[in-house]
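Encoded as structure tokens, the structure appears first; notes follow it.
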């Protein structure tokens, strides 16, 4: 057995055993003041939707590489089930330290699954380049930093709990971009980094699954659930229609491109994530869905041709223009809607309060992006230390380095 395979087998199982033992001890002893997960709760329908969306939807959504299907779905599932337990542990620590109110029933578990969306998005940026040990370390570090960012927004900027949780798209996209910038760039024209019709079909299946359950994701912690669901669905519907329209207009031969549909149909759900609960008119949500698709498709052209080559970034799954740019659009829209709604009912002598609200919103988004970029760069440096045995560039985007293929076995 090659030494790298032997080292991989000896490191990953023991790391998983260590982490799972830690989580079991946490469940056995608990933290003083931590909530009872068996308390009655009405969160199960929303939790079930979000759980399906994150595990099944994103698992297939990331299945874009021709020789990385096993790893895309398998590693995503492993990271989610491990990260949810870590997220619940961090929640209990914050309750114990008095930084967060106690959550009862399944609310804590639902928030943990939503928080894992940031990790899944970041995983899409480094897909095929990081080994499982590196991905596990990235998951643990990112969850901690994401909760730190949320605590800063809640404590110092007084951002509501459900809005601080909706920063998962913004944080996950820019954290992943910062991490992937620390990995060596694969050689140009690498055949394994391409997709096939079969892989794109499975990826589109995941996209449709995420699309179906996205209204539950945006409304799971919102005060006005019905309004959040309706606005999210309208934004997603317009976003999907605009994706087909712009795909045909921007392609050379006038045909649809699956990469456009795959990335742009979700832009509306990301763009209204901050404002879905507060939008008073459906046409606003529909305009945001349209703008989200425009910025995604046009941004993909500009980023892939100019931005990414200049910074030597390879965003494997295109999380920047799929989640990052629409999230920035949603952040700007939240500030504009706040100014419009508050400005109608405010007097000239109360403009200082309006300025404070704008400052808080802008500060929360800027803090989230800056924290994601800085901590992502630090995490990328950590992942490339020799102890974690980084994968050689020649082994990028290849399932055979991690999975057994019986039909390829020569013998024992």
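If you go along the chain as it appears here, the first residue is 1 and each next one adds 1.
Glycine is no exception: its Cβ is also placed from the backbone N, Cα and C atoms.
TrEMBL: automatically predicted annotations, no manual curation.
TrEMBL assigns the feature transmembrane segment to residues 75-97, out of the candidate ranges 75-97, 98-120.
Cross-referencing 10-28, 29-47, 162-180 with TrEMBL places the feature transmembrane segment at 162-180. Take the transmembrane segment (50-68) and the stretches 75-97, 201-222, 228-249, 323-344: counting Cβ pairs under 8 Å, 201-222 has the most. Within its own chain, the transmembrane segment (135-156) has Cβ neighbours under 8 Å at 12, 15-16, 19, 75, 78-79, 82-83, 86-87, 90-91, 94, 99-100, 115-116, 118-119, 122-123, 126, 164-165, 167-168, 171-172, 175, 179, 364, 367-368, 371-372, 375-376, 379, 382-383, 388, counting only residues six or more beyond its boundaries. Residues 122, 130, 134, 137-138, 141-142, 145, 148-149, 152-153, 157-159, 163-164, 167, 170-183, 328, 331, 334-335, 338-339, 342 of the same chain sit 6 or more residues outside the transmembrane segment (356-385) yet have a Cβ under 8 Å from a Cβ within it. Highlighted: of the candidate stretches 201-222, 228-249, 283-303, 323-344, 323-344 has the greatest count of Cβ pairs under 8 Å to the transmembrane segment (162-180).
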